[in-house]
Amino acid sequence: MIRVESLHRHFGGFRAVDGASLTIKTGSITGLVGPNGAGKTTLFNVIAGALPPTSGRVLMEGEDITGLAPHQLFHKGLLRTFQIAHEFSSMSCRENLMMVPGGQTGEGLWASWFQRGRIAQEEAALLKKADEVLDFLTISHLKDEKAGNLSGGQKKLLELGRTMMVEARIVFLDEVGAGVNRTLLNTIGDAILRLNRERGYTFCMIEHDMEFIGRLCDPVIVMAEGRVLAEGSVEEIKANEAVIEAYLGTGLKNKDMVG
Amino acid sequence: MTENATMPAATPSAPAPFLIGEAMTGGYGRGADILQGCTIAVERGEIAVIVGPNGAGKSTAMKALFGMLTLRTGRVVLDGEDITTLSPQARVAKGMGFVPQTRNIFPSMTVEENLEMGAFLRRDDLRATMEQIYGLFPILRDKRRQAAGELSGGQRQQVAVGRALMTKPSVLMLDEPTAGVSPIVMDELFDRIIEVSRTGIPILMVEQNARQALEIADKGYVLVQGGNAFTGTGQDLLADPQVRRSFLGG
Amino acid sequence: DDAKIGVIMGYTGPIESLTPAMSDAAELAMIEVNDSGKFLEGVTLVSVRADSTCVDSAAATAAAERLVTTDGIVAIMGADCSGVTGAVLSNVAVPNGVPMVSPSATSPALSEVEDNGLFFRTAPSDARQGEVLAGILQERGISSVAVTYTNNDYGKGFADAFEAAFTGTGGQITLTSPHEDNKADYSAEVGALASAGGDALVVLGYADSGGKGMIQAALDSGAFDTFALGDGMYSETLLADLGGDLEGSFGSVPWAEGEGADAFAKAAEAAGIVAESTYTRESYDAAALIALAMMKGGEPSSAAVAANLLDVANAPGEPILPGELGKALEILASGGDVDYVGATNVELIGAGEAAGSYRYYEIKDATFETVSFK
Amino acid sequence: MRTLALFALVAALILGTGLLQSWNSALLILNMGLVSAVMALGVNLQWGLAGLFNVGVMGFVALGGLAVVLTSTAPVPEAWAAGGPRLLAALGCGVAVIAGAVLVWRRLPKRLRGWGVAALLVAGFFVYRALFDPAATAVEAVNPAATGYLGGLGLPVLLAWPVGGLLAAAVAWAIGKTALGLRSDYLAIATLGIAEIIIAVLKNEDWLARGVKNVTGLPRPVPYEIDLQQDPGFVARAADLGIDPTTASTLTVKLGYGLLFAAVLVLLLVLAQLALNSPWGRMMRAIRDNETAARAMGKDVTARHLQIFILGSALCGIAGAMMTTLDGQLTPGTYQPLRYTFLIWVMVIVGGSGNNFGAVLGGFLIWFLWVQVEPIGQALMAVLTAGMADGSWLKAHLLDSVQHMRLLTMGVILLLVLRFAPRGLLPER
Amino acid sequence: MDVLNALVALANFVLIPAVAYGSQLALGALGVTLVYGILRFSNFAHGDTMAWGTMCTILATWGLQAAGITLGPLPTALLALPAGILGAALLVLATDRMVYRFYRAQKAKPVILVIVSMGVMFIYNGLTRFVIGPDDQNFADGERFVINARDFREMTGLAEGLALRSTQVLTVVTAVLVVALLFWFLTHTRTGKSMRAYADNEDLALLSGINPERVVLVTWIIVAALATVAGVLYGLDKSFKPFTYFQLLLPVFAAAIVGGLGSPLGAIAGGFVIAFSEVGLTYAWKKVATYLLPESLAPEGLLQLMGTDYKFAVSFVILVIVLLFRPTGLFRGKSV
Ligand SMILES: Nc1ncnc2c1ncn2[C@@H]1O[C@H](COP(=O)(O)OP(=O)(O)OP(=O)(O)O)[C@@H](O)[C@H]1O
Ligand SMILES: Nc1ncnc2c1ncn2[C@@H]1O[C@H](COP(=O)(O)OP(=O)(O)OP(=O)(O)O)[C@@H](O)[C@H]1O
Ligand SMILES: [Mg+2]
Ligand SMILES: [Mg+2]
């Protein structure tokens, strides 16, 4: 689905992404892990068109999509969420979701004046869909609350919810799990699996919770210092010495000193 | 509110806890009450962990303890002194340190300046503490001249915790300190938190990585819809099947 | 009974430092009329001030509208800047049949405006002064000059007229460069003018604004030593601030030969008004003319002013100087004729604008010394 | 509810003016209030809806004014003969050079394009000046005191309003294409600068609209008062109503303008409301809230910004044309940022940004105050000094300063209103 | 060929005036940039704050002059500066208490504060005129020139003169010093850093024990001092007139913005960009070219790129171009 070829992204002299090459297979749920500052988010930003690469290419099903604008990629079915929630803070949760689908009739100025009937129909459908998503995310009681007033975790849920409003082909999830309650995260995991199996979405997700990764992802790609360090199944990764040293660590040292 | 499995921690006979927010009720501005009579307390040398679903009011409870929203009822007591009406700054002066969940760094200042700001009220030499923090989060040493806003998500989180540690607080409150940090750093962080608490400083934290957090916790609170749903030792809560199922992800 | 006269001046805005003296001068004339006790049976002139802002036509129009329809003024002494004057004239004065006498709107374009016989001005159109100033330069044997003018209808019209007259007689203009008033810095203009060169710099601007800034910048950088000044530059403060350096500069200013101006200066001084400021004389005359026209018409009405203004301003009749308004009223009361001379040697030509006589002065020992009258 | 109450308040203020001062004043305030409301609506579209900090309102208003001259004045055949075609050729050449430069920038490889564009622009500039300067001089030499410009098309003046909108829209397009990448205050200063440039062109290009010499006596869409006063039928009707003919005529004319303006405002307001309450408005608000996220959600932020920038500017252009028609003259020297940009912003913010009705309300209210603070300030001073001894220094000084109370009063009222309604009188939702 | 004369002419008409004007703008821009950087709004009342501070200084200067105290070759106004700064500080602090504080507590959007500052501007406007009137005031005394054109010509025997005013030197020196000082203050002192921290994240500043009211107080005092110094130096060099100070606002904002809002270095850079583009791009190169080229090639025309009528326009074109390449100014300023 996506192929990244020796991608570079530098900030001044700093090489945040330093020649990463990787492939995301169609229909897979690929995990992307790595220490803080490995360049994962930067890689996402480049793929999703939010940052131009310093060099290298990104291909989507063979088509060169390097440097396309985010909105163009959206219409190609490439969606992403943000690590730091980017909600539309002065709009209600419902509106946050309803604005997502592209190609709404009512987004044309002319139509907004002269095709009120058609817009009303579309809106009704959107509203239903948005309420379903909110229900699923367990925040339906907040549908009219301004998104800016949500709790940290709720914002991340909303972020995820936006990707559920449209038919996507590939979704990039940047730490959806961070700050989300584990019980709810399991439900979200189920949903991701369902979307993947039933609707054929491809996922690529950055996550630090190895349990969650282990439940969903195959393969897992490990990044470090802007490059791909290892790739393989979760088990392989967990056993990889280099990965343990750079990323996983060996657990708490002082644990026995408390309690 | 769900059933109250255990009594709130503060029992009249025991010595009063170092920091306690008692029966706090209140919300943001003129909105509805978010907190509904919730009680949170932490003793000297203890780690208390708050868990609960998203939007339960965990962050709100922390802010309430810190005086960042006005309580309609209830009170906050620090070391025997009622501080319910003190301003947040005054509470900082009294030695409370806090890492908020969001917006917890100074984005346009360098990492080092962020740490310095943490020690704003300190007049002694900061270098030793700063070294300790660089030792804890080595990446920050490399990035110390970089603007904190340019860091990765996990790096920012490390800056935020580092800033609070710089205060040399007498009580430390952390709102999801491990959100977005890699496992190895998370372990380091928990290690450090244990170390800090062993020096006698009470630590109160909100965590979604609840399993790991409760393992090192002396006391755990489960908050649901602004009220205490369960309270117990960390191990108690981990062992409670209902708590596991509904809040810890099975 | 009161007869109200609107005094519409830009009390705020770019010429706010000129307007208080102008209004005071106008009111001086009204006071003189009232104090004489000889004005129309028991009628007192009352001045009603309003802000023209000089630049905001809409606000000026609104203010004028209020004066006319609410306060019931019978004539307008004003407005000051040509732009707002045109707006007030066509939007308020003409529709309501209220006459206007402007002391300072000198744009040549106002000569041709549709005014229904209601617009007069005591300041001459700049077309005339351009010729006068060009003549002075020729007289002094200066044949190459650089010109700077304030970028509004006054400055532009003046500069056009001057340029035509000066080049017509064989003079050479090295560069004509406008300047905006009240700007922070004039080095750019002075740099360009200095590079273009010329024996003198002709400054057609305002003494307490851009014109002074230009002169100061030119003096400071040593670009020019001699300046030829238009009427807007005639001001005591210019001498006070830059006097010593202006030695040998010269200029023209609308003026009457001796008498009238002196009389005004004396009257003004007695009343504690700055007489030497720009357009104070014109303002006094404008107000005086309005009063005399009412007297002549026998009633404090707009129609009386419009119908009789030219009559009292021009010959035949007894010449009237400032301070002699009482005498004029007496003459008019007895059915006689007056020829108002006033502070500026008023002579209204055409559709009611000043013919303009000018004083050619030179600056010596930090004072304006008259060379001749033109 | 609040909306109704506040509009009723404005109505009461204007009616009060009619009763206490005069109906002419009241109508005049109403008319300029209508024009201001259209401008405020335009700014509100840009700021309230899309978060674009456009501080170049003055420029677009002035362009509307220019449109009136270009559309409705009679052409000057002598000037056309003197240099019209050559002038048009020069302008065409200028546009071609710029278009060429854009093309070069797009086509040439990165290393070369800077130099390529610079070379083309410099060369083009000289060609342009060579063509343009003599033509402009020739045109301007044609009877400068009365004409000295090319004149307009001699079309009905009402046509100038849409033309003003189009002209402003065209310029907004060009500005938007270049400057809309800027954010907040950086966009503000860029637009402010561009507005200054537009005014500089209007002031200095005499061949276009006489520059600072002003164009006066513009045609009107309503009859002249004088004509009405001389029309016996009208005088008779006025007498029937018991009004004297002068007053009747001035009122009729103002009422005529008022109806025209009101029609425009109502039409624009309805369109703006429809758009605001549709998915289009929602999309715009989303873009305002968080551009990055809106982009990631498939919205073409750049295109939408351009669209709304053009729309808002067009409204300002229309309003500018209306205003110039009302004034009957174009006076470029009077365009000052304080009056034509910042006062409009005050209207939007005081009214309540993001709310179309708020903007309209602000337009009326602030204009009313702008006009009425003068008498209010004077009254204030009269009250203040009433108790003082005649001839005291302080009293004299205070009375001397009465004119400065105008702006001071404006400031005080502004602060008071914002104190009690910090988000505007009619906040967004 | 006469390189020396060409150089002198260029220096006299372009370099020196542009540097001096640039520094004047920079001093004004510093105040604007500081308010923007720390209190996060564009302060429209800054021009009138400058006017007020200058007015206070003038009144004090008159007092000193009346008492017979002068500074010899330096302008007496320098001695009166503290009084002016005090006056300005009192005014802005009173304003902050009565006006801005309310909106801070409300966490009002920056644009509201912009409009509020316009209201304040109107009030300052009226106050200044109320006290000293709308007229031009000349309060410079002491030596006007370090060297004037005539003396220079006599001294060097060159055809071109070079004038250097003491106020110009004073302005440039002050501007450089003040920028360096402010930069140092903001990046190296505790108070300075706390001000930046407050600007960055108000809530977190609170959590770090920073007293916001103190930050605001210090900011306003510095702003008042900057405004007064800028206003007085400008007034000494040109003259004092309230309306002109209001008009200064536009180039001052342009300078602050093109330099990058919130950055003291940017203020200086921005001031120079604006000043040099105003003075340099409309300069007529005829004189310089005449000196440089052989006689046979002496230029006919003025060699002027643009009429000075467009000087402001040109400087804005430059500004827009700079911003197109650096969307937040030369020194990467903030944007709220
Ligand atoms: N705008 C920027 N300017 C300078 N450096 C940057 C910028 N953005 C990111 N970086 C640096 O690039 C590196 C990679 O950042 P990135 O956000 O991609 O990390 P990450 O892998 O997503 O980490 P995390 O797990 O903590 O989210 C970091 O070291 C960061 O400091
Ligand atoms: N500033 C605010 N204004 C109004 N309501 C708010 C505000 N912040 C949070 N809330 C509401 O208060 C409730 C509790 O929020 P809080 O942030 O305390 O949750 P939390 O338990 O910390 O959740 P999370 O685990 O997601 O961080 C939520 O329903 C949220 O919508
Ligand atoms: Mg990341
Ligand atoms: Mg929380």
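Counting starts with 1 at the first residue shown.
Keep in mind that glycine also has a Cβ here, set from the backbone N, Cα and C atoms.
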Original post:
For which of the residue intervals D:305-323, D:381-399 does TrEMBL record transmembrane segment?
Top reply: D:305-323
**OP:** For the transmembrane segment (D:343-370), name the stretch out of D:26-45, D:305-323, D:404-421 with the most CB-CB pairs under 8 Å.
**Re:** D:26-45
Original post:
Hey, which bits of the same chain come close to the transmembrane segment (D:86-105), Cβ under 8 Å, at least six residues off its ends?
Top reply: 113, 116-117, 120-121, 124-125, 127-128, 131-132, 134-136, 138-139, 150, 207
**OP:** For the transmembrane segment (D:255-276), find every same-chain residue at least 6 residues outside the stretch whose CB is under 8 Å from a CB in it, and list them.
**Re:** 27, 30-31, 34-35, 37-38, 41, 45, 49, 158, 161, 221-223, 315, 318, 322, 326, 356-357, 360
Original post:
Between the stretches D:26-45, D:52-74, D:404-421, which wins on the count of C-beta pairs under 8 angstroms to the transmembrane segment (D:152-174)?
Top reply: D:52-74
Original post:
Do any residues of this chain, six or more beyond the ends of the transmembrane segment (D:26-45), have a C-beta under 8 angstroms from a C-beta of it, and if so which?
Top reply: 10, 14-15, 17-18, 54, 57, 60-61, 251, 254-255, 257-258, 261-262, 264-265, 268-269, 272, 308, 311-316, 318-320, 322-323, 326, 343-345, 347-348, 351, 353-356, 358-360, 362-364, 366-368, 371-372
